[in-house]
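Per Swiss-Prot, topological domain 'Extracellular' is recorded for 1-7, 68-81, 145-173, 246-257, and the stated evidence type is a curator's inference. According to Swiss-Prot, the topological domain 'Cytoplasmic' annotation covers 33-44, 105-123, 196-223, 280-289. If you look up Swiss-Prot, you'll see C81-C158 marked as disulfide bond. Taken from Swiss-Prot, the feature N-linked glycosylation site covers N171. Taken from Swiss-Prot, the feature N6-(retinylidene)lysine covers K267, and the record attributes it to similarity to another entry.
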Amino acid sequence: YLVNPAAYAAPGAYMFLLILVGFPVNFLTLYVTLEHKKLRTPLNYILLNLAVADLFMVLGGFTTTMYTSMHGYFVLGRLGCNLEGFFATLGGEIALWSLVVLAIERWIVVCKPISNFRFTEDHAIMGLAFSWVMALTCAVPPLVGWSRYIPEGMQCSCGVDYYTRAEGFNNESFVIYMFIVHFLIPLSNNFFCYGRLLCAVKEAAAAQQESETTQRAEREVSRMVVMMVVSFLMCWLPYASVAWYIFCNQGSEFGPIFMTLPAFFAKSSAIYNPLIYICMNKHVRHCMI
């Protein structure tokens with residue numbers, strides 16, 4: 001045990017709570033949206049993709065982490081570590097790139113850089129495919145030798161190897177690639193899109209270019225998507241910051257809890273997306289009732 005054996009009860013209980021809430025909420029989001037035709041809009045396809053990503057994390061990652069927490073170390077071997085790390089990374093990355101697609105959609109629809117553009121089903125499908133391709137370019141390489149998945153923190157869950165310069169895995173190049181392509185670029189895109197979005201909403205309100213009903217509907221959707229992006233950053237920014245700090249200070253000593261806390265905090269992202277979707281979308285609430 002890396003810490004007091006009693007301490008493993010906390011992550012185990014936390015994972016149980018995330019599974020208890022995350023599975024039914026995300027499954028309900030999928031079921032209600034697919035069941036009601038009026039909810040099957042192109043924009044909601046991307047939101048459904050978020051629910052699928054969260055279910056990957058819940059079923060492929062959280063269940064494994066809860067089981068290993070009960071034993072006090074990662075008992076499932078190399079294959080189990082690869083599977084847990086892959087599903088957790090894949091789910092987080094699908095969610096990240098889905099939010100990128102949503103940000104671009106909001107920017108194009110509200111700011112109108114392309115005149116007479118409509119976000120159609122074909123655009124949504126392209127967005128889904130894009131999010132999956134980008135997610136796989138991050139989750140697959142550690143399985144085939146570019147970096148690797150290893151137990152992290154208290155050794156109850158697995159993640160990308162930020163910690164070592166193990167020969168033959170090229171960890172340094174993969175971590176730099178991951179931070180640039182899968183963190184800084186999406187982050188910059190979202191800041192740009194929402195910066196332009198806020199300006200456009202204010203300008204439209206001042207000029208009264210559209211009807212009050214249209215403006216209100218666009219504001220509600222934009223507010224929901226912004227909330228999702230902010231919540232995503234709140235969950236994943238601490239993990240990314242700590243991981244980068246460890247990567248830049250390899251060889252220094254870090255306590256197991258130092259990486260465990262932000263890693264487990266990041267896992268809560270599987271809950272907030274469907275809750276925001278449900279709480280801020282009156283059509284979804286009405287269909288559930």
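Placed from the backbone N, Cα and C atoms, the Cβ positions cover glycine too.
Recorded features from Swiss-Prot, shown on the structure.
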residue: C81; record: disulfide bond; Cβ neighbours (10 Å): 22
residue: C158; record: disulfide bond; Cβ neighbours (10 Å): 31
residue: N171; record: N-linked glycosylation site; Cβ neighbours (10 Å): 23
residue: K267; record: N6-(retinylidene)lysine; Cβ neighbours (10 Å): 25
Averaged pLDDT, computed only over the residues in the topological domain 'Extracellular' (246-257): 81
Assigned element (helix, strand, coil) containing C158 (disulfide bond), judged by DSSP: strand
Within-chain partners of the topological domain 'Extracellular' (246-257) [C-beta distance under 8 Å, separation at least 6 from its ends]: 2-3, 153-155, 162-165, 172, 175
Cα-to-Cα gap, C158 (disulfide bond) vs N171 (N-linked glycosylation site), nearest whole Å: 15
For the topological domain 'Extracellular' (68-81), the number of residues DSSP places in helix, strand and coil: 9 helix, 0 strand, 5 coil
Long-range Cβ neighbours of the topological domain 'Cytoplasmic' (105-123) (under 8 Å; 6 or more residues past either end): 42-43, 45-46, 192-194, 196-197, 199-201, 204, 218, 221-222, 225
